[in-house]
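*Asks:* Here's a structure for you.
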Amino acid sequence: MRVLGIESSCDETGVAVFDSQLGLLGHELYSQVAVHAEYGGVVPELASRDHIRKLIPLVDDILSSTHSVGAIDAVAYTAGPGLIGALLVGSCVGRAMAYAWGVPAIGVHHMEGHLLAPLLEAEPPEFPFVALLVSGGHTQLVDVKAIGDYMLLGESLDDAAGEAFDKAAKMMDLDYPGGPQVARFAEKGQPGRFKFPRPMTDRPGLDFSFSGLKTFTLNTVNEHAQANGLPDDQTCADICHAFQEAVVDTLVIKCRRALQQTGRKTLIIAGGVSANNRLREKLEQALAKIGARVYYARHEFCTDNGAMIAFAGCQRLIAGQTADLSVDVFPRWPLESLDAIQTSHASNPRTTLDNL
């Protein structure tokens, strides 16, 4: 089965073609960072309009480059969660193409796409495992027994980790998008100059909270400004270092705790924040001490992309799940509400990815 995947949940327009026998044939991604940079964040109306402008040309390009014109067996598109206008663009285009081609279509859960992205790698993890989904909109720990068989272990009670990164960047007037900027500044930071708390790590449970850390960061910036004027680059770097260490340590502590509570020996991390090199480094160190292993997707598949949607959609379509022609999208959609499918249906994604 050859599946066209469409991702349009927020500010990236992604398309890909995945073949159940040959693997990932190709993917293309258009980022709207330049569109939203002057506003310091995503403007939903602008995001929707830009998806309309870019999606069909991207589909044309990917069908041509993968020699898939007339060869698509199904269309998978992101149905949620996300920005409703952006979701509707991808849903309408995906369903229209499926109808015109006479092939099935299916709406894919955006976070299931992220969760399964590490399976696109040459050495994918085996079920069962614990997943840390960490992005601008989500911070969740999930016990994964099979595709679709998910149990929520813990989640953020307020801000997501990625959102906290972005807000911290704004406080220091760093460029948009903020998360990567904080990570870059943190590399030059002096350890120990500022000490930040590790929220909710001193109590049992697997939930997160980052709103207090965000407030702590704001107070640190303001206190320094009152005493010494606006922070210079080195002070910003020192604050970024302390902030990033606090977030990373919190995530690592909870991940290790989740593995110990479930008895799992495998962790996957997915979502935009999973690209953070410091998080990867500290997770590998911590898990090695307990005989566990961490997997993640390559950096290009950590952010939103069409490849993860094509792959996730392919698994569900092979299992016989399709959608009707009604255009349903879900800005809010609990991951654990998805139906499980048999892992024996899962196709091998490895064959062509490393040749892209």
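Every residue gets a Cβ built from N, Cα and C, even glycine.
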*Asks:* According to Swiss-Prot, LEU133, VAL134, SER135, GLY136, GLY137, ASP166, GLY179 bind substrate; which one of ASN222, ASN228, ASN276 is listed for that same site?
*Replies:* ASN276
*Asks:* Would you identify which residue of ASP238, ASP249, ASP304 Swiss-Prot lists as part of the Fe cation site it also attributes to HIS110, HIS114?
*Replies:* ASP304
*Asks:* What subset of the binding-site residues HIS110, HIS114, ASP304 lies within 10 angstroms of LEU133 (substrate binding site), using C-alpha positions?
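*Replies:* Candidates kept after distance check: HIS114.
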*Asks:* Once HIS110, HIS114, ASP304 are set aside, which residues in the chain still have Cβ within 8 Å of the Cβ centroid of the Fe cation site?
*Replies:* GLU7, SER9, THR78, MET111, GLY113, SER135, GLY271, ASN305, MET308, ILE309
*Asks:* Run through the Cβ atoms and count how many others sit within 10 Å of the one on HIS110 (Fe cation binding site).
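*Replies:* Excluding its own Cβ, the number within 10 Å is 29.
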*Asks:* How big is the substrate site in terms of the longest C-alpha to C-alpha distance among LEU133, VAL134, SER135, GLY136, GLY137, ASP166, GLY179, ASN276, in angstrom?
*Replies:* 17
*Asks:* Cα of ASN276 (substrate binding site) to Cα of ASP304 (Fe cation binding site): how many Å, rounded?
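*Replies:* That separation, Cα to Cα, works out to 15 Å.
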*Asks:* Rank the binding-site residues SER135, ASN276 by how many other Cβ atoms lie within 10 Å of each Cβ and give me the one with the fewest.
*Replies:* SER135
*Asks:* According to DSSP, folded down to helix, strand and coil, what is HIS114 (Fe cation binding site)?
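*Replies:* Where HIS114 (Fe cation binding site) sits, the three-state DSSP reduction gives helix.
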